[in-house]
Amino acid sequence: MARCRLLLFLAALSSIFGLLHASAGDADPIYSACVDQCEKTGCVGDECSQHCNFTSGGVPVDGPWYLQEPLYLRWKQWDCLSDCRYHCMLAREKERKKVGLKPVKYHGKWPFQRVNGIQEPVSVALSALNLAMQFHGWVSFFIFVNYKLPFRPNRKPFYEYTGLWHIYAIFAMNSWFWSVVFHSRDVDLTEKLDYSSAVALLGFSLILAVLRVFSVTDEAARVMVSAPLVAFVTTHILYLNCYQLDYGLNMKVCLGMGILQLILWAVWAGVTRHPSRWKLWVVVIGGALAALLEIYDFPPYRGFVDAHALWHATTIPLTFLWWSFVRDDSEFRTTALIKKAK
């Protein structure tokens, strides 16, 4: 009897902890009952899910082979449970809106409206635009350095940070690519890839800020400066992927690295005589204001635009201005080194 009581106590305790970690929406008993009923019937009101007629592998439960779910839909891993959660969420939010209640999160996410199976269409579109802006900035920098600026006698650019900016571009484009994928469909794999690529980008950006602000050009010195930061970022990424995806810790790490590099660039812009320092000021101030959108979270307007989507929107013009500063910096340094050589 004592053993049974202990098991019951542990079960109750685990359920309490589960409720504490659950979002307000998925802890709602009306929502939970709706999901349970939908998994049995495949329908929520007039909305019925085609995925409830398929197994997890996309094979029809009852029907010929040619009714198998198309691959372009199957890769998103929508299934009966996820569809039921989605339709029950929308139904519950309509009920809450009628009685004047504000939207709540379900399974850690705000109630977004899908478009053609895409989970957060506005964030996907804005992430794609950011990816395009990064690519445009990188290509314009590559053309400028290799075709418009003079070279050293050994056919290498005068600008000492050329290679670092190329690596930065790869990290940036990789990060925005996974942002597109993650906002299309939020599953465990896409979430980890999005978070890891963002941390890697912020880590390398911080390294680049330190090297440029303090004019570190010696290769040995660069390795000594970069090694601790590379070790820290690598350890954090491994922690997120192999131990625990701690959202709070990751937010603190990302904000810490982001704020630190903004401070470095701001101080440098205040003391340098760089002709394009005003662009740096705009990026620093704009980046700091945009970071507030990551801290201040609010429900998506009409089910599409939330604080995170607005953050994606602000980074588009800032990216254009940032790469414009990088091109100006390459010209400024090249001119200074040529004068020094003479």
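Placed from the backbone N, Cα and C atoms, the Cβ positions cover glycine too.
Annotated signal peptide per TrEMBL: 1-22, in sequence order. Positions annotated as transmembrane segment by TrEMBL: 124-145, 165-183, 195-214, 221-241, 247-271, 278-296, 308-326.
When Cβ-Cβ distances below 8 Å are used as the criterion, the transmembrane segment (195-214) is approached by residues 161, 164-165, 167-168, 171-172, 174-175, 177-179, 222, 225-226, 229-230, 232-233, 236-237, 240-241, 245, 250, 253-254, 257-258, 260-261, 264-265, 267-268, 329 of the same chain, each at least six residues removed from its ends. Remote same-chain residues near the transmembrane segment (278-296) are listed as 251, 255, 258-259, 262, 265-266, 268-269, 307-308, 310-311, 314-315, 317-318, 321-322, 324-325, 328 (criterion: CB distance under 8 Å, separation of at least six residues from the stretch ends). Long-range contacts of the transmembrane segment (165-183) within the same chain, counting only residues at least 6 positions beyond its ends with a Cβ under 8 Å from a Cβ of the stretch, are 118-120, 123-124, 127-128, 130-131, 134-135, 137-138, 141-142, 190-191, 193-194, 197-198, 200-201, 204-205, 208, 312, 326.
For the transmembrane segment (308-326), the list of distant contacts is 120, 122-123, 126-127, 129-130, 133-134, 136-138, 140-141, 165, 179, 276, 279-280, 282-283, 286-287, 289-291, 293-294, 297, 300: same-chain residues at least six beyond its ends, Cβ to Cβ under 8 Å.
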